[in-house]
Ligand code: HEC
């Protein structure tokens, strides 16, 4: 019994020393705020260029895209593509594009500051 407690105490001390300052808040938030359908579509079609956490790779970051573009503009961009981005109107159905645009429009700058 006593030995077990000692191990717990040591583990706590070690954890305190390593100072867990890294936060994964933004990533977890991005994953939690989207509908699963949009997430699935995004992972299949968009992740390769915009990264799993929307931070961007070949394409720009979409982390705050909801503050930059309206849902209508998002739909247009996904349908017709852009410089370096393929058009998706033949790949995705209109309602799938709408789902994605809706989901992306919830990714605004203010999102993280809300309580
Ligand atoms: C082949 C790589 C590629 C894929 C796949 C791709 N994109 Fe893009 N995307 C880009 C590039 C490159 C740009 C920048 C275009 C420009 O400079 O005008 C872009 C721009 C955008 C923009 C505008 C961003 C801004 O700040 O103006 C949106 C929104 C967007 N993509 C959404 C998507 C979505 C949603 C998907 C999946 C359906 C997707 N993209 C798939 C490469 C890609």
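Glycine is treated like the rest: Cβ placed from N, Cα and C.
According to TrEMBL, the features are:
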SIGNAL    1-15  signal peptide
DOMAIN    30-108  domain 'Cytochrome c'
BINDING   46, 49, 50, 85  heme c binding site
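Features recorded in TrEMBL, as mapped to the structure shown.
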| residue | record | contacts (Cβ under 8 Å, 6+ apart) |
| --- | --- | --- |
| 46 | heme c binding site | 59, 100 |
| 49 | heme c binding site | 57, 58, 59, 85 |
| 50 | heme c binding site | 42, 56, 57, 59, 60, 61, 62 |
Heme c site shell beyond 46, 49, 50, 85, criterion: Cβ within 8 Å of Cβ centroid: 45, 47, 48, 57, 58, 59, 62
Number of Cβ atoms other than its own within 10 Å, given for residue 85 (heme c binding site): 16
DSSP-derived helix, strand and coil totals, residue by residue, for the domain 'Cytochrome c' (30-108): 44 helix, 2 strand, 33 coil
Integer average pLDDT (0 to 100) for the domain 'Cytochrome c' (30-108): 91
